[in-house]
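Colleague: Please see the structure below; I have some questions.
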Ligand code: PRP
Ligand code: MG
């Protein structure tokens, strides 16, 4: 069962009612802007010049949804307004916030995410999936040797297909001290194999995605999906 904890008038729900075997905490925010930009990136006729900024918008709005509940630590203090003292709440500057874009396609989500979290550190993580075996190979890892266990981590990758790429990133993060409970993933389309894999190994990791699609085809593409996000973003079809 996809767990979508009750959120009162903001209840999130999975797009597909047929995904019944998942245990992951997966959120599909029912935001009209997210739905709109998802439609734009799904459309094969959307040119690269619009595809890339559309993914940027999805990065922005999915980040907004991913950070809004029980993740960013806040700290209260007193400020002087022009009239009097007032209690004010700020993001706690002592707790590190980290963005991990998965190259290449994750770069498209980064700008929108960074606009909302301008003080976040950005650690690039490059992974390429072998087109035949679908196995991931890490070719760049800019993570520091050790992460503060309080670090809030947002992993950015538009596509979760077999889940091999995300698993490689999560393993690298956790082996450096990141806590799964503080890791959230921003994706655009997620497929059941990836969600099942992440659930099995990292049940505390929350995934925020614009849509959940039914299947992978014989060459590991999400169907209906949106094609190859990296190639469409960077004009390398
Ligand atoms: C794609 C996509 C994800 C990954 C998903 O990247 O952007 O990172 O595949 O597949 P998986 O869940 O089966 O591992 P790709 O390897 O094509 O690299 P790119 O982003 O450079 O295009
Ligand atoms: Mg690609």
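Just so you know, glycine gets a Cβ as well, placed from its N, Cα and C.
What TrEMBL records for 104, 129, 157, 158, 159, 160, 161, 162, 163, 164, 165, 228 is 5-phospho-alpha-D-ribose 1-diphosphate binding site. Residues annotated as uracil binding site in TrEMBL: 222, 227, 228, 229. The domain 'Phosphoribosyltransferase' annotation in TrEMBL covers 28-236.
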Colleague: If you average the pLDDT over the domain 'Phosphoribosyltransferase' (28-236), what number do you get?
Modeller: 97
Colleague: Taking Cα atoms as reference points, rank the binding-site residues 222, 227, 228, 229 by distance from residue 157 (5-phospho-alpha-D-ribose 1-diphosphate binding site) and give the first.
Modeller: 229
Colleague: Counting across all protein chains shown, how many other Cβ atoms sit within 10 Å of the Cβ of residue 165 (5-phospho-alpha-D-ribose 1-diphosphate binding site)?
Modeller: 26
Colleague: Filter the candidate list 157, 159, 165, 228 of binding-site residues, keeping only entries whose CB is under 6 Å from an atom of ligand 2.
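Modeller: Those binding-site residues that pass the cut-off, since their Cβ is under 6 Å from ligand 2, are 228.
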Colleague: Cα-Cα separation of residue 161 (5-phospho-alpha-D-ribose 1-diphosphate binding site) and residue 229 (uracil binding site), in Å?
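Modeller: If we compare the Cα positions of residue 161 (5-phospho-alpha-D-ribose 1-diphosphate binding site) and residue 229 (uracil binding site), the gap is 12 Å.
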Colleague: Within 8 Å of the centroid of the Cβ atoms of 222, 227, 228, 229, which other residues of that chain place their own Cβ, given that this set defines the recorded uracil site?
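Modeller: Output for this site, in sequence order: 105, 158, 159, 189, 221, 225, 226, 230, 231, 232.
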Colleague: In angstrom units, rounded to an integer, how far apart are the Cα atoms of residue 222 (uracil binding site) and residue 163 (5-phospho-alpha-D-ribose 1-diphosphate binding site)?
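Modeller: About 11 Å separate the Cα atoms of these two residues.
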Colleague: Would you kindly give the Cα-Cα distance separating residue 229 (uracil binding site) and residue 104 (5-phospho-alpha-D-ribose 1-diphosphate binding site), rounded to the nearest Å?
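Modeller: Cα of residue 104 (5-phospho-alpha-D-ribose 1-diphosphate binding site) to Cα of residue 229 (uracil binding site) measures 9 Å after rounding.
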Colleague: Counting all other Cβ atoms within 10 Å across every protein chain shown, which of the binding-site residues 163, 227 scores highest?
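Modeller: Max Cβ neighbours within 10 Å, all protein chains included: 163.
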Colleague: Fewest other C-beta atoms within 10 angstroms of its own C-beta: which of the binding-site residues 157, 228 fits that?
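Modeller: Each of the binding-site residues 157, 228 was scored; lowest Cβ tally within 10 Å is 228.
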Colleague: According to DSSP, which kind of secondary structure is residue 159 (5-phospho-alpha-D-ribose 1-diphosphate binding site) found in, if we only use helix, strand and coil?
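Modeller: Going by the DSSP assignment, residue 159 (5-phospho-alpha-D-ribose 1-diphosphate binding site) falls within a strand, counted as strand.
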Colleague: Looking only at 104, 129, 157, 158, 159, 160, 161, 162, 163, 164, 165, 228, which the record lists for 5-phospho-alpha-D-ribose 1-diphosphate, tell me the maximum pairwise CA distance in angstrom.
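Modeller: About 17 Å separates the two most distant Cα atoms.
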Colleague: Show me the subset of 227, 228, 229 whose Cα is within 10 Å of residue 163 (5-phospho-alpha-D-ribose 1-diphosphate binding site); these are the binding-site residues I mean.
Modeller: none
Colleague: Long-range same-chain neighbours of residue 159 (5-phospho-alpha-D-ribose 1-diphosphate binding site), Cβ under 8 Å, sequence gap at least 6?
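Modeller: The list for residue 159 (5-phospho-alpha-D-ribose 1-diphosphate binding site) reads 105, 187, 188, 189, 222, 225, 226, 229, given in order along the sequence.
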